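A quick write-up on the structure given underneath.
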């Protein structure tokens, strides 16, 4: 199914979307000082830390005007995709793409920071986990809305000239703002291309979400991105990640959801996340 058909079907399920506007989006070429970020995060206090990864940390900050932001500090800017992320998010503007508000240079260390709008709802993976453990409801309607929002953001990336390929579509990279609007995030692996496919020097992505054909050939296409998005849809429907470590297996051995489902709608129905209370036509779409 093409993105256009997907959007139409799920819009019908939601009884239509309100008109979207990007009039609130600001320019992404603002350079903040390191002092601005230290003030916003109480000198990068641990209480402001949202998460960390191999390339750095993410902090919640409050700017002097009261604006809440998320600050990604990249200790290895080249590997963390600093320039790629600035290039893509400066060019592409859409309500379902996270807003890049600016960047900062850390002169003494050579680190770089990216400053984004703060999405208070967290990421979809976290919401699914909390719902699975009965800590916070993430209902079927909310999940359908999040999927539709993310699809709109991806469709925008794929249909611009030049187009952009995200290359790491997964539930952790879909953020929810305070109103529940979903936004694609983390463009550190993204690339621009004027062609329908792009050969990458180093394959990126996440186990279970990355398209096998893309992993094998190094060619990223819209079809490969749709595959990854499809894995997110399965995850939204079932509450189960597309790849889980094999019980008792060696490190790096996974069981894949797609191998079990084998394209069977009946198996999808059997695995539906009961905490979501999906209506039948949402699943059929």
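Backbone N, Cα and C define each Cβ position, glycine as well.
Because TrEMBL annotations are produced automatically, they should be read as predictions rather than curated entries.
What TrEMBL annotates here:
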BINDING   72  ATP binding site
DOMAIN    44-285  domain 'Protein kinase'
So what pLDDT does the domain 'Protein kinase' (44-285) average out to? 91
Determine the Cβ neighbour count for the residue listed as 'ATP binding site': the number of other Cβ atoms within 10 Å of its Cβ. 25
